[in-house]
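Reviewing the structure listed below.
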Amino acid sequence: MDLEDFDNSFDYDLSFGGHEGVQSRHSSQSDRPRIQPLPNKPIKQLTGSTSVRRKNSSAITSASFSQNRRTEQRTCMSGDLKQLLDRIRTKANNDVPSDDYVVISGNHNGNRDSKKPYGTAEVHMMKVKLRMQENEVDKVAKEAAMSLQDSERASAQVEVLAKNIKNCNAYDLHQNQKLQACLKQIGNIRKQNAQLEKEVDRLKREVVAMGRDEEKNRMGVALPEIDSTCRLAAINEGVKKETLQVMEDNEKLQESNRKAQQTLLNARRRDQLECKRFMALIHKREVLLQHTRSEREHLEGVRSLHIAEPELRKFFQWPEA
């Protein structure tokens, strides 16, 4: 005799206190417990401690659930427990049955005024399964909380990396601006060098011309011409010094340009590495979010079974935890 046969054979309404015994045959329609009639088959004689009564009080048979425990262990899981609760609700809402029905006493002495909970193996198994479901719900809730914490930490790391990338981009832009300023300054120095070279060529031509004039006027050189030649020589010397200084400045600017280009290249490499790490963290965050969603769905499924505990406490009149 498995759990299904037992459930079909002994149908009763727990919401009206079925453990209190058989109600009076002359009670009103609203006072009668809603109990399903027995099927058209004889009651099997079983051995055990649970007392079973007919309405006419003609026979009392004790039943035992010891041989059904293995079947209950296979069937009273999460889905079967919910189906059993639905069957109990459905049977509780049916109409008043005919004369043939049975009531399972809640205690072993048949006292209808007793408020003790049921002591059957089935109810005990239900309690054990409910405790197992509660432990599973707590375990899944802890795992979901840890997954949420991991997701939050990953999100914080992603935000920090995004901020670092933004700072690197700003630094890269600043270095580019400095590089553009250096290039512009180098262009201006090159223009000045070209003008100075033209001025040196002109002075050289003037010196050559003055040498020719000096050859012609060797004997009668005027003092103003000598002063002019000295001034031109001094100017030529100053131009040479300025040219050397400009060349040194140009070399320094070129070295600074090389350093700026190397810094820019390093910044771009670092930016690429940060981008790769950022993408890896985003992928990790998506995996964690997907795992969190699956854990939530599993938790919701377990909680839907956990909701059945108040209903069972109400039906079986369990004491509050």
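Each Cβ is built from the backbone N, Cα and C atoms, and glycine gets one as well.
Per TrEMBL, the range carrying the annotation coiled coil out of 74-108, 179-213, 249-283 is 179-213. Here the coiled coil (179-213) has long-range neighbours at 225, 228-229, 232, 235-236, 239-240, 242-243, 246-247, 249-250, 253-254, 256-257, 260-261, 264, meaning same-chain residues at least 6 beyond its ends whose C-beta is under 8 angstroms from one of its own.
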